[in-house]
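According to TrEMBL, the record shows the following:
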- B:26-47: transmembrane segment (TRANSMEM)
- B:67-99: transmembrane segment (TRANSMEM)
- B:111-131: transmembrane segment (TRANSMEM)
- B:137-157: transmembrane segment (TRANSMEM)
- B:184-202: transmembrane segment (TRANSMEM)
- B:233-251: transmembrane segment (TRANSMEM)
- B:272-300: transmembrane segment (TRANSMEM)
- B:306-328: transmembrane segment (TRANSMEM)
Amino acid sequence: MSRTPRLPSALLRAAACTGLAALTLTACGSGSGTDTAGSGSGSVKVGLITKTDTNPFFVKMKEGAEKAAKADGVQLMTAAGKFDGDNAGQVTAIENMVAAGVKGILITPSDSKAIVPAIEKAKAKGVLVIALDTPTEPESAVDALFATDNLKAGELIGEYAKAAMKGKTAKIATLDLAPGVSVGVQRHNGFLKGFGIDDKDPSVVCSQDTGGDQAKGQTAMENCLQKEPGINVVYTINEPAALGAYTALKAKGREKDVLIVSVDGGCTGTQAVKDGKIAATSQQYPLKMAAEGVKAVVTYAKDGKKASGYTDTGVTLITDKAQDGVTSKDTAYGLENCWG
Amino acid sequence: MTATSTPPSTSSPYAELKAPTTARRLLTAPTTGPLVALLLACVFFSFSTDQFFTGGNFSLIVQQVMVVGTLAIGQTLIILTAGIDLSCGAVMAFGSIMIAKMAAEGSLPPLVAIALGIAVCGGFGLLNGLLVQKIPLPPFIVTLGMLNVAFALTHIYSEEQTVTNLPGPLTALGQTFPLGNTDITYGSLVTIALFLLLAYALSSTGWGRHVYALGNSQEAARLNGIRTSRLTIGVYTVAGLLYGIAALLLISRTGVGDPQAGQTDNLDSITAVVLGGTSLFGGRGSVLGTFIGVLIVGVFRNGLQLMGVASIYQTLITGVLVILAVTVDQISRKKAR
């Protein structure tokens, strides 16, 4: 995954300057006094605030926003929390962006509820706020939401798993995200719905939280296998968790006869589908979320029209072992459109 | 803070001749370096972006550092005794969830909930102090354990749910009042008042001098008749109470009780203390230095954001500054000898 962000020259100079700041700032201050705004202080500014800036999903999102910003001639400012769940960091970023005079803010809320007061303050100052990927609670706290339909993403792999099991007795493990996080809950519920069962169904033999982390996914799977060695279907919140589960299954020599399904469509994950480690995944499109978001802010800046409501940015089932009655695309398509 | 203000007389060679002790003291004072760095950073950002040098923006920066700043006061006290506290952010998070939940969902009046929350944080501090002093255990280990305990309790007690719809008194400190054409947050004033109060206590009371003596050498302090055991436990307890106040400030700032809060605040507070020129070996430093330290972090974060620099570079620069600060501390220590 290419995670090296481009360095605008003004930024390099800033970094160099601040490094020198303790010694000789006068030279720096006068040197860079004129070229700060870069693309001119008159241009429209758009803010993008992600949960973290190390997760490839958000890196791709930033890439989409950068491309769109360049195409529309607007200035993009970015910020991120220090860790997934860092609400205070996102609040600070919103405040600083409003102070910088942004026209609109695109945000993937780390805490759907806790971020709301800060968003309301920004909106009161006339800033258009759009949630990307993760809705706020209540959803109406933002002007608009551009996101994957996570319930549908779950449903697709649920339907796929049901078709692939063809009436065999399923023993299901679910490797979830974390309690109370809407994305995880929706995917989990979608999967069960697609499979035609609910949480109380006896075929769900093990459910563990993984935080979407590969190492934790592996631990969770190991524990699930300890609890119920006969597990033959594994639902995972994302592909890192799925790969963790695969490692645990392989250690037990079970990787061939267990069906792993997942959500995300990252390039590593899609490759894992091609390699047969993951049976199927629901691919989502972060680049599109950000690009549409930037466009919405540009429209707002031009003619004051605010985007509103929910826009589904789409989801596609990717697998090389298509099942009858379940629409899917192969990994060639998946790898062309993957992120990360 | 203006670009034109010249630093004190240290630049004049005559001043040095006439009053070498004053000049030397100024040069080696642990807060001089951080203060100069802060002023230079302000000058730099003022030239770099139009939005930086405004009353509203300075008010915003203080508001953004008030939570970590208040934690860092407690952290400074502990570090001055040659200890360290890794649990401060987690204790604060527990305090804030307690206050929020008791007031929003329990039947307790808000002010009682606030008092209880602050007292519980003080209790965590007391427990830290007792473990450090009575068993005794290294502060690093005690507070590392307490970090996990407080973190887990926060998540168990909150049931992973963010607490919303808080009663008014909980967020009162987040409200603002106009000063000229700038809105000042009440919480900022609380933080500044706490800094001044503790600065006075450290510099002008017997208790303060004992804290420094304890940090320089616990054995020497004890032989000089200082009740080091009581003093240590007292310092950790005061720090805990400060974390409780930080918990209230956190609630007032974000308007919610958030179980995920404070996860990096322990290291952030240590960063502020170090940037402010306080020595991690104890006995040397000041809370005013820490105030400058948190402002440095806040000014860089805000200034770089206004310039449109990605947040990861803020982290990079903070790292560089910390190393610079410790280097300056070491060099000036050698010179002072």
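The backbone N, Cα and C atoms fix where each Cβ goes, glycine too.
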So which of B:111-131, B:137-157, B:233-251, B:306-328 is most in touch with the transmembrane segment (B:26-47), counting Cβ pairs under 8 Å?
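If we count Cβ pairs closer than 8 Å to the transmembrane segment (B:26-47), B:306-328 scores highest.
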Would you mind listing the long-range same-chain contacts of the transmembrane segment (B:137-157), meaning Cβ under 8 Å and 6+ residues beyond its ends?
78, 83-91, 93-94, 97-98, 101, 124, 127-128, 131, 259, 263, 266
Per the 3+ Cβ pairs under 8 Å rule, pairs at least 6 apart in sequence, do the transmembrane segment (B:184-202) and the transmembrane segment (B:111-131) touch?
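Judged by the Cβ rule, the two regions do not touch, with the required three close pairs absent.
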Going through B:67-99, B:111-131, B:233-251, B:272-300 one by one, which has the most CB pairs that fall under 8 Å from the transmembrane segment (B:306-328)?
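The listed stretch sharing the most Cβ pairs with the transmembrane segment (B:306-328) is B:272-300.
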